[in-house]
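Novice: Shown below is the structure under consideration.
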Amino acid sequence: MTSSVITLESTPTWAVAAVVFFLISISICIEHLLHLLAKYFNKNRRKYLIQALDKIKSELLQLGFISLLLTVGEKPIANICIPKSIGETFLPCSDPSNDSPEEAKCEEQGMVSLLSRQGMKELQYLIFVLAFFHSLSCILTFGLGMAKMRKWKSWEAETRTLEYQFSNDPRRFLLIHQTTFARRHLRFWSEHRFLRWPACFLRQFYASVSKVDYFTLRHGFITAHFSEGSTFDFQKYIKRTLEKDFGVVVGISLWVWILSMLFIFLNAHDFYNYLWLPFIPLLMLLLVGTQLQGIISRMCLESQEKSQVVRGTFLVRPSDHFFWFGWPKLLLHLMHFILFQNSFQLAFFTWTWYKFGFRSCFHRKTEDIVIRLAMGVLVQVLYGYVTLPLYALVTQMGTSMKKVIFPEKVVEGLKRWRANARRNIALKNNYTSARPSLDNNTTSINTSPSFGASPSFNLNTTHCVKFDQPSSSEYLAVGVKDEGEANSTNRETKDS
């Protein structure tokens, strides 16, 4: 009995229309949901989340375009013939079963296709599953990070209580070992590098960010960049920083794609990848977390070496030299790779399960299945709930502050103020250039400009800015450079 393939020529038009209508409806619903989400972020002034959402949509478009290219190039790629000796190297299974029909062109030459038509269709399934898992992984990562930072909001509120101000009174002097921060980090293992690393490795599993760590890093940041006694909301700043960092890690850059192709290549049976490949994202994540914990301990040690007495509370000094190669963003690039690699491994496992069954040559042993699933879930939870919030906090201890120091309302106010200043200066210049011709007239003209700012307004001078229609009384004392950038020192922001 022969089975014939039914084409659109033999398919009822109502069936084709029904399927197409169903697919279009799903696409429109997804597009509408994304539009509502972007509208919600825009309403709440979450600029960096809008950028992250745009990146996710761009990646979905990119993966969809790759799938389209696979569909269009299905026959031309299948007609590329290679020798059987080469086609039987680096196979994912030790005893593969090839039931798919070979191209007649390659079969006549005694060769095999570079990638069969069936393989092209299976690869399209992998791309779809990857798009789904990467989007889901990004959502879970951000949700876990925000859940962790809810606790920090109560800590930030505690800094405005009389009890906190009394316990951190700058008129009080304490020995370093009397402070809670020093008792936490100055132990017998602190001064020995080979003992400090194991301790920092274990600390990320229990109380990775304690209250005293948050208070001390907050105090060091505000002391370095603001005046003493500032009421700057450090938790909101960290939250905006996390949103900006999230917009980086959700992207898929060229080097991440290259490493992912290397991951596919290493899935050959000859490499025994199931014994070591699933552990790579976890080991990299633990290494990043250990480094972040180590930075906190090293800041404590450095402050101890400079003085044995503290005024008010323990003071740490931000600096880039605590980070690898003096480059804090290196850790963010590693976390970028970890997130995509973990979602790729989960997508690859789900794809092989769906296409080849739960027990296939990709994962025949129960241990292999347990390892892949356990590593994927563990990395996802540690990444979102522990390492990413820890990174957002510790990287503020770099030499310079980030541009998200200003809330969106302040940024908009600065832009309006800068635009008004430039317009007023232009009006003054036009008035000055036109004055000689006016002097010939006998009419007396008042040369005092009537617009809002002084003609001698200098963009490099410190001014006090009051914003239009604030939700509450908001003032900003800030030194603003040309091109609208804020000075990194002697600034104070009050975000209601």
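Glycine too: its Cβ is placed from the backbone N, Cα and C atoms.
Relevant sequence annotations retrieved from TrEMBL are reproduced here:
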type	residues	note
TRANSMEM	14-38	transmembrane segment
TRANSMEM	123-144	transmembrane segment
TRANSMEM	246-265	transmembrane segment
TRANSMEM	271-289	transmembrane segment
TRANSMEM	330-354	transmembrane segment
TRANSMEM	369-394	transmembrane segment
Novice: Taking 3+ C-beta pairs under 8 angstroms (sequence gap of 6 or more) as contact, is the transmembrane segment (369-394) in contact with the transmembrane segment (123-144)?
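Specialist: Contact between the transmembrane segment (123-144) and the transmembrane segment (369-394): present, because at least 3 Cβ pairs are under 8 Å.
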Novice: Checking distant contacts: for the transmembrane segment (330-354), what same-chain residues at least six beyond its ends satisfy Cβ-Cβ under 8 A?
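Specialist: That would be 125-126, 129-130, 132-134, 136-138, 141, 245, 248-253, 256, 259-260, 263, 267, 277-278, 280-281, 284-285, 288, 291-292, 323-324, 360, 362-363, 372-373, 375-376, 379-380, 383, 387-388, 391, 395.
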Novice: Other than its close neighbours in sequence, what residues sit by the transmembrane segment (14-38), given a CB gap under 8 Å and a spacing of at least six beyond its ends?
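Specialist: Distant Cβ neighbours of the transmembrane segment (14-38) are 8, 50, 53, 57.
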Novice: Would you mind listing the long-range same-chain contacts of the transmembrane segment (246-265), meaning Cβ under 8 Å and 6+ residues beyond its ends?
Specialist: 48-49, 51-52, 55-56, 59, 62, 90, 134, 138, 141-142, 145, 277, 332, 335-337, 339-341, 344-345, 388
